[in-house]
Amino acid sequence: MQQPSCPPPPSRPAAAAALLVLADGRFPAGGHAHSGGAEAAVRAGRITGPDSLEDFCRGRLHTAGLVAAALAAAACAGLDPVELDAAADVRTPSPALRATARRLGRQLMRAARAVWPAPELAALAAARPRGAHQPVVLGAAARAAGLTPHDAALAAGYETVSGPATAVVRLLGLDPFRATAVLARLGGELDEVAGRAVAAAGRAATGGTGELPAASAPLLEITAEAHAAWPTRLFAS
Amino acid sequence: MHRDHPVTFPGRHTHGAQAVRPDGRRRALRIGLGGPVGSGKTATVAALCRTLRDEVAIGVVTNDIYTREDADFLLRNAVLPAERITAVETGACPHTAIRDDISANLEAVEELEEAAGPLDLVLVESGGDNLTATFSHGLVDAQVFVIDVAGGDDIPRKGGPGVTTADLLVVNKTDLAPYVGSDLGLMARDAKAQRGGLPVVFTALTRPGGVGPVADWVRGRLAAWRTGGTQ
């Protein structure tokens with residue numbers, strides 16, 4: 001069950017710069033091999049250039065992104081990560097996406113434990129040896145790095161759009177400057193999503209994980225199932 | 001401040017490179033095979049499996065770029081039982097998956113050892129790449145770079161990290177040399193100049209026993225690994 005109150009993060013130096021390390025696209029946690037649904041959207045003709053990429057990313061940010069950001073913020077605030085992992089499961093209908101989230105969570109856990117060793121990370125790894133959902137691990141890693149729940153929400157939300165944007169550069173040969181400009185244009189909305197995520201995490205601290213958002217993008221879930229069965233693809237998801 | 005485990009393995013580069021598994025057993029020796037597209041990486045892996053599978057327990061991780069072609073080739077040819085072969089997807093970046101972000105390959109290697117182990121040897125085959133492709137020391141203990149004579153006899157002279165630093169350079173398809181106008185003597189001299197004392201072997205995998213020199217090199221590595229060294 002939910003802990004009645006969140007324990008304070010273990011004492012450590014203030015570490016705002018750790019956010020740059022955690023959110024760096026070169027952080028070695030396996031994200032480079034995943035497109036966040038963009039490969040399926042490109043194949044279906046729904047992403048053809050910068051404008052449709054922006055539409056796709058906006059949709060993902062306000063659905064999967066919001067949920068991921070709230071889970072990460074809650075984990076960073078010290079809510080029980082095993083409870084949050086169950087909350088992530090029920091918010092992810094597609095078995096293929098659940099498997100991807102756990103695989104990426106396990107890969108992130110490996111990197112995070114090497115970079116920011118902490119007993120709480122070791123405990124979560126032991127409780128979920130096959131991997132916890134990636135946003136939960138991201139929040140726990142942010143906590144181990146001395147970051148705030150808002151930092152964790154920003155990092156989780158950013159990942160949900162930066163992954164598709166870089167994937168589409170590879171898939172379509174899209175001009176990388178225009179792809180990155182999409183991410184910059186979404187900055188204000190990302191801030192807003194992170195704010196909502198932190199507020200939800202705050203409510204969940206007293207009201208339980210039912211307070212966390214459960215927004216979903218059905219097309220992402222459906223196309224993820226189809227994509228997982230493709231015999232030929234560039235990205236793992 | 002608690003920075004790391006109290007006991008660190010000397011010379012390790014990442015957690016994944018620790019030589020001892022959590023249960024205390026020494027893990028399998030990990031050998032990476034890289035090289036340009038079509039040089040014979042998968043053929044080398046298949047031949048190594050056929051030659052060594054009665055001596056040691058082998059697992060294989062393939063890094064296909066956009067298909068399961070390599071893993072399927074190995075399965076079709078039944079060089080190993082299916083549970084000893086697994087594939088990693090690399091997101092259009094084969095060199096990233098073996099060098100810059102090795103997390104997926106480490107997962108695959110460890111899952112193989114857990115599911116099909118204990119293993120003595122895990123071969124990690126890179127997706128076909130270019131002359132700069134090398135493996136992270138956090139992923140493998142030694143690496144083989146496979147080129148072929150048909151790619152041009154100037155490849156050893158061009159050098160690059162794969163040709164220059166791999167623990168073993170394999171020059172494959174020597175049987176084609178007369179047909180493509182490649183000078184094997186020139187390749188050998190250039191390779192020696194680029195690599196100093198590091199070994200180079202010439203193979204014709206289509207001939208019986210063609211993988212012999214590579215298998216012998218792997219046997220030497222295995223013997224050293226078993227006695228605690230990595231060289």
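Cβ atoms here come from the backbone N, Cα and C positions, even for glycine.
The GTP binding site annotation in TrEMBL covers B:Gly35, B:Pro36, B:Val37, B:Gly38, B:Ser39, B:Gly40, B:Lys41, B:Thr42. Marked as domain 'CobW/HypB/UreG nucleotide-binding' by TrEMBL: B:31-201. Here TrEMBL flags B:1-22 as region 'Disordered'.
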Cβ-based neighbourhood (8 Å from the centroid) of the GTP site, residues B:Gly35, B:Pro36, B:Val37, B:Gly38, B:Ser39, B:Gly40, B:Lys41, B:Thr42 excluded: B:Gly128, B:Val146, B:Ile147, B:Asp148, B:Asn172
Chain-internal residues, separated by at least six, CB under 8 A from B:Pro36 (GTP binding site): B:Gly128, B:Asp129, B:Asn130, B:Leu131, B:Ile147, B:Asp148, B:Gly151
Neighbouring C-beta atoms (10 Å sphere around the C-beta of B:Gly35 (GTP binding site)): 30
Greatest C-beta neighbour count within 10 angstroms, which of the binding-site residues B:Gly38, B:Gly40: B:Gly40
Same-chain residues at least 6 apart in sequence whose Cβ lies under 8 Å from B:Val37 (GTP binding site): B:Gly128, B:Asp129
In three-state DSSP terms, the structure that B:Gly40 (GTP binding site) belongs to: coil
Nonlocal residues around B:Ser39 (GTP binding site), in sequence order (Cβ under 8 Å, 6 or more apart): B:Gly128, B:Val146, B:Ile147, B:Asp148, B:Gly151, B:Asn172, B:Lys173
CB contacts for B:Lys41 (GTP binding site) [other CB atoms within 10 A, all chains]: 27
